[in-house]
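Everything on this sheet refers to the single structure shown next.
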């Protein structure tokens, strides 16, 4: 057992430990970055191949919302191709997006493995929590966009006999994917507010005091970001973002209470604000008391007279440097 314990003690530190304690050199950090980028690139290339193979089924799935509207009205669901290579380029684009999604755990792990050694233990813990929340929020926003845009197409497509509708496949797919991306990113805003609270930048009470301004910004953003002119899609996005924001405010208030900020007397006072002293009455100062009598000081004793010093001989009367 002692031999095994000695081997464990003499074991060289891992690369993660060396990067965390700052013992790695600059060249070793650059080699580590090159290795992580190379591994992430290999994963992306493999994911792009799989995504391109799945691009046609994915495009057929994206076509379903508009086909459900066009087939009852026009009897068919067909798209047009305006450019020679539009469909091929669309398949490449969809394959790239699918490759990024499929290999996201791999290349995100490579990125995290390079960044994590520079963080403290509690910072890594919070990063795990926020990453685990960010992915479901983005997926929830993308699904809401898929649902809202599917119903919004009923208002966007004309229901007239004298109008022949022909949709460009590239622009339609861009329309759907852009809406899903915008909704997904918008759902990350409450998470950013919660991160600022955990970092100590914003308090929960301050976030709660901004709720009117934030809700107005959400509705203005939804009016611009949603591609459909109907009020239902805009209201759905704004209400969803507002609910998530109030959820983030509740978490921030709980976090502030856990840290004990609300128990401090000056917890809500800014660092640059002058505190008021009106609530505190001055305490009266008691009268000075006598120090009593004093002892007399003895007279100083005289100093002895100085002893005379012999006058030094002139240098001219000396024979050499010694005498």
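First residue shown is number 1, and so on along the chain.
Even glycines carry a Cβ here, placed using N, Cα and C.
The model shown is predicted, which means the values in this text are computed figures rather than measured ones.
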Listed range which TrEMBL flags as transmembrane segment, given the options 57-84, 169-196: 169-196
Segment assigned the feature transmembrane segment in TrEMBL (from 127-149, 265-287): 127-149
Per TrEMBL record, range annotated transmembrane segment [choices 2-24, 232-254]: 232-254
Cβ-based contact of the transmembrane segment (232-254) with the transmembrane segment (37-55), 3 or more pairs under 8 Å: no
Residues of the parent chain within Cβ reach of the transmembrane segment (37-55), under 8 Å, 6 or more residues beyond its termini: 90-92, 94-103, 106-107, 110-111
